[in-house]
Amino acid sequence: MTVLLLALAGGVGAGLRFIVDGLVRARARTALPVGTILINVSGSLCLGLLTGLVAGHYTDSSWGLVLGVGLLGGYTTFSTASFETVRLIQSRRTWFAVVNSLGTVLACVLAATAGFALTLL
Amino acid sequence: MALARSENMEPESLPGMDSLPVDSDVDTPGPRHRSIHLHPGFVVLVMLGGCFGALARYGLSITLPVPGGWPLPTLLINVCGAFALGALLEGLSRRGPDLGWSRFVRLLVGTGFMGAFTTYSTLAVDAMHLFDADRPVAALTYVALSIVGGVAAALFGIWVGAKYHRFVAARNRRVLAITGKESK
């Protein structure tokens, strides 16, 4: 049952990513893929928060699977982020590629840590 | 060949089209002019691919070994997904415009499955755990291998996608040349 919910939540996460990315993309005026960055940073923040809640026994671990592995795992994406970095390199926007790869990973780890820290307050 | 292609790109002109008045409603946002991310059918397609992508990731994450608490499954999943997405998107973009069957496959397999199969949030939390456990070397190695591996894999995937497209195009030209000779 949990696995079925996990799969469904993964689908919802992917759909959410598609919509959020499309909305941001329609408004963004930069070559930097801000949609994917925003999605990955916000998803990491939420997963940090959820991990803290599960670790502190505020929520059941099956919620951690459905919402963490399913919803947030499906919402955030690594393949698109890597692909977009390569496209930036190919169009000779080297600095954007560096910001997109290193900036995203730094922001995501900090966001996850911040989310986790919120549950310790 | 190039000429035939450019002719196909031209919008079809219907007889009597010139005499029709300019449609003033053509720019108003309606169902026909909505972006694809607001089209329910396309969203459902992405969701369907996403269900299987998340399921596949979960299945692999509990099957693959985690040596010394080091998150190898996520790294392998992410790098393989980056390769597959690169190959898919390059192959599709070389096939032609993002319409019809191409768009169907891109949204179902690319945005849906590969997008949900790979994950950034787990990578971030895994790295956080390693830093938290006073294993900065393990954390930095994991992050560096993910980033460099992901970009290298996507690049390799793009190369494979382009190579495959050239292979198919060459085969099609040969078939065309043979059938062309036979018809003479």
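Using N, Cα and C of the backbone, Cβ positions are placed for all residues, glycine too.
Note that the structure is predicted; figures quoted are calculated from it, not measured.
Pulled from TrEMBL:
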- A:Gly73, A:Thr76: Na(+) binding site (BINDING)
- A:36-56: transmembrane segment (TRANSMEM)
- A:63-83: transmembrane segment (TRANSMEM)
- A:95-120: transmembrane segment (TRANSMEM)
Neighbour tally for A:Thr76 (Na(+) binding site), based on other Cβ positions within 10 Å of its Cβ: 30
Contacting positions for the transmembrane segment (A:63-83) when only residues 6+ beyond its ends and CB under 8 Å are counted: 2, 5-14, 16-17, 33, 36-37, 39-40, 43-44, 46-47, 50-51, 53-54, 100-101, 104
CB contacts for A:Gly73 (Na(+) binding site) [other CB atoms within 10 A, all chains]: 33
